[in-house]
Amino acid sequence: MNPVIVFVVSFLLWASKGIYIGTLVERFKGRFNEITAYWLITSLFNVLLAVLVTLLCPDVYFVSWSFPVREFLIFFALSVLAVIPGLKELWRFIEPKTGEEQKAAEPFRNLGLIEASVLRIISSALPEELVFRYIFLGLLSLWDPFAGLIAVSMFFGLGHRFSHRERGLGLLISNVLSGIVFGLAYLYTGSLLVVMVIHWLGNMIPWAMMKYPGVRNVIAAATAFPLASLFVFRSEVRRILEYFAGIYTVSGLFWGLIIGLAMLGVIYAGIKILSAKNGE
């Protein structure tokens with residue numbers, strides 16, 4: 001089946017998932033708390049959607065389940081650099097000052113290491129990488145890799161504004177840049193494991209710095225250490241840049257921006273319709 005058609009169908013199914021999973025979340029709330037129940041059901045929905053997409057368009061399954069360490073270190077280093085525009089805002093999560101910031105951070109501060117690790121897997125690393133990289137980017141890359149990279153990264157980054165209304169411009173830019181890093185890592189390595197681990201670490205490191213202030217400097221140093229890989233493995237970095245230049249096209253950039261804006265527009269319209277329906 002045409003990958004672009006499958007992309008449109010899968011995006012609409014994903015965008016309307018609240019219609020299908022609401023009842024299941026209510027049923028699971030008795031066994032888990034509401035947040036855990038929601039993310040467990042969401043992860044299950046995304047896995048089933050990935051299976052459906054693979055059946056409709058088998059070519060999307062170009063996944064490698066290897067874990068290339070050198071490429072992992074390079075892309076992790078790039079993901080660290082991607083955080084720089086939003087660092088000031090992120091620091092307010094790590095070290096909240098105002099009462100409002102402390103209240104927002106408190107539920108995460110109270111999590112234990114295992115709880116936080118599992119929550120970050122089922123709420124971001126697994127469901128988001130399955131949807132954004134495997135399904136959306138995978139399908140669009142069969143048509144135009146660069147258009148897919150731009151569209152999905154733009155939607156991934158700016159789409160955080162819908163679920164985190166307090167998020168500022170700097171952090172949204174970081175989200176877009178992170179999306180580009182994750183997407184390029186997936187296209188270059190074909191490894192979902194690599195992007196899942198990088199995404200998971202990107203969520204766990206700020207939490208660990210907030211949770212364990214006494215070793216904050218150690219965590220920061222350990223996070224910065226992989227930056228050396230950009231120099232140590234500079235020949236591999238050069239190949240990655242050559243790959244990026246090889247998939248770049250002006251038409252890909254144009255269509256990537258158009259598709260990304262269209263995806264954001266669909267979600268925005270859906271939110272407005274639901275708000276009007278609920279009288280908000």
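Quick reminder: no glycine exception, Cβ is built from N, Cα and C everywhere.
Unlike curated entries, TrEMBL annotations are predicted automatically.
These features come from TrEMBL:
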- 117-204: domain 'CAAX prenyl protease 2/Lysostaphin resistance protein A-like' (DOMAIN)
- 6-25: transmembrane segment (TRANSMEM)
- 37-61: transmembrane segment (TRANSMEM)
- 67-87: transmembrane segment (TRANSMEM)
- 132-157: transmembrane segment (TRANSMEM)
- 169-202: transmembrane segment (TRANSMEM)
- 214-233: transmembrane segment (TRANSMEM)
- 245-271: transmembrane segment (TRANSMEM)
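Sequence-distant residue pairs (6 or more apart) of the transmembrane segment (37-61) and the transmembrane segment (132-157) include at least 3 whose Cβ atoms are under 8 Å, placing the two stretches in contact.
Recorded stretches compared: 6-25, 67-87, 132-157, 169-202; the one with the most Cβ pairs under 8 Å to the transmembrane segment (245-271) is 132-157.
Sequence-distant neighbours of the transmembrane segment (6-25) (same chain, 6+ residues past either end, Cβ-Cβ under 8 Å): 34, 37-38, 41-42, 45-46, 49, 52-53, 56-57, 60, 131, 135-136, 139-140, 263, 266-267, 270. Counting residues 6+ beyond its ends, the transmembrane segment (169-202) has Cβ neighbours under 8 Å at 62-68, 71-72, 75-76, 78-79, 82-90, 117, 120-121, 124-126, 128-130, 132-134, 137-138, 141, 145, 148-149, 152-158, 160-161, 240, 243-244, 247 in the same chain. Beyond the ends of the transmembrane segment (132-157), by six or more residues, the same chain brings 3-4, 6-7, 10-11, 14, 49-50, 53, 57, 59-60, 62-63, 172-180, 182-184, 186-187, 192, 195, 247-249, 251-253, 255-261, 263-264 to within a C-beta distance below 8 angstroms of the stretch. Across the domain 'CAAX prenyl protease 2/Lysostaphin resistance protein A-like' (117-204), the model assigns an average pLDDT of 94.
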